[in-house]
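**Student:** Sharing a structure here in structure tokens format.
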Amino acid sequence: MAVYNYDVVVLGSGPAGEGAAMNAAKAGRKVAMVDSRRQVGGNCTHLGTIPSKALRHSVKQIIQFNTNPMFRAIGEPRWFSFPDVLKNAEMVISKQVASRTSYYARNRVDVFFGTGSFADETSVNVVCSNGVVEKLVANQIIIATGSRPYRPADIDFSHKRIYDSDTILSLGHTPRKLIIYGAGVIGCEYASIFSGLGVLVELVDNRDQLLSFLDSEISQALSYHFSNNNVMVRHNEEYERVEGLDNGVILHLKSGKKIKADALLWCNGRTGNTDKLGLENIGLKANGRGQIEVDENYRTSVSNVYGAGDVIGWPSLASAAYDQGRSAAGSMVDNGSWRYVNDVPTGIYTIPEISSIGKNEHELTQAKVPYEVGKAFFKGMARAQISGERVGMLKILFHRETLEVLGVHCFGDQASEIVHIGQAIMSQPGEANTMKYFVNTTFNYPTMAEAYRVAAYDGLNRLF
């Protein structure tokens, strides 16, 4: 067994692992990266964020073509199969892998491909694909192994018509009807993708409202948009069993209802990738969801072992994971880059997008904060009229006495970009966080950014 010595070993090359490895390497540490795939990038690059967003982009382009009157004048609507649009995602994945591979090379991070597990608190055994075992010894270790879809034991995921959010990328045809069980972020995103391809979607939600953590007006806007685009949302439903057939799949619900479709996509929960890490060898134990507990410095109960990304739970976003990994390494090497990552904007890549940061109306009402609301509807914005993306709104919540911006919520095209203007103002200290910024700032015209000015005037005009 070959033995290699490092200052830091990072388990997992997704966003959290990458952020940790880069920060530790730039602090002068000798770093090794371990990943179970033969390519870097983690689930984010190969099965999650990148392929699903590339799929979404392709589908959005198809929708734009098929709904634009100018294109309708010169030809019939065009429809593409799921495998067709998946080809674009595969090209993006290869480009991402190449970019990330170069990052590790430039920063002299050694990458080991194989299954890593703890031998003890300072060493990791890596079983390579050829069966060779290599031992990495390090002063500090970061767990950033990510998560995978939760699979109930009573569902046969080996059936050719039953998929989860990882295996759906192997779907070789376009179903006419699809059941999506689980209406969280991933379920809603895939509902948008498949409905955009003309698939009838049954979206089964075990709650009474879509994405209940969102501002209720934004959630309602998504529900309304779904109802107009071949998505049937069924709230307050739980599965009894899933019956796989040769010609389809039947979802039996506890309410007594039955739904039949060509395929079923399971999107109900995720579990941390900790079961193969040998945590018992270092005295660590994952919770029931496979996640490990860390403190505000991202340190586990084992003093030299840290955790970051989906494997530690909330918020389970690629954007947050990268910052958590970077901060975990910052805490480890003490280079001043640590921060506790909690000011995270939400980005949901449905069609249209949703993004938000800060408090929503329910939270402010519960806290008895005297707030006011300013809105800008995209249908009145020149840029939206030019682009044809007229669905959506920007909503700003602010303190009616101090004018402090308390929350920004956006539904519509480019929402995940638009929200960052509000985020920048909300992060300003003291009186610099104010609605006055939006009315006293000249925005390029026409842009979607000027929605902030429109919403600010709308809100300030409500004051008396």
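The backbone N, Cα and C atoms fix where each Cβ goes, and this holds for glycine too.
So Swiss-Prot lists these for the protein:
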BINDING   ASP35, SER36, ARG37, ARG38, GLN39, VAL40, GLY41, GLY42, ASN43, CYS44  FAD binding site
**Student:** Taking the Cβ of ASN43 (FAD binding site) as reference, which residues of that chain separated by at least 6 in sequence fall under 8 Å from it?
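**Tutor:** Listed in sequence order: GLY14, GLY146, SER147, ARG148, ASP166.
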**Student:** Taking the Cβ of ASP35 (FAD binding site) as reference, which residues of that chain separated by at least 6 in sequence fall under 8 Å from it?
**Tutor:** GLY12, SER13, GLY17, GLY42, VAL111, PHE112, PHE113
**Student:** For ASN43 (FAD binding site), which of the three DSSP-derived states applies: helix, strand, or coil?
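**Tutor:** SS state of ASN43 (FAD binding site) = helix.
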**Student:** Including all protein chains displayed, how many Cβ atoms other than that of GLN39 (FAD binding site) lie within 10 Å of its Cβ?
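**Tutor:** Taking all protein chains shown, GLN39 (FAD binding site) has 18 Cβ neighbours within 10 Å.
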**Student:** Within 10 Å of each Cβ, count the other Cβ atoms and name the one among the binding-site residues ARG37, GLY41 with the highest count.
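**Tutor:** When each Cβ's neighbours within 10 Å are tallied, GLY41 leads.
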**Student:** Look up ASP35 (FAD binding site) in the DSSP assignment and reduce it to helix, strand or coil.
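**Tutor:** For ASP35 (FAD binding site) - judged by DSSP and reduced to three states - the answer is strand.
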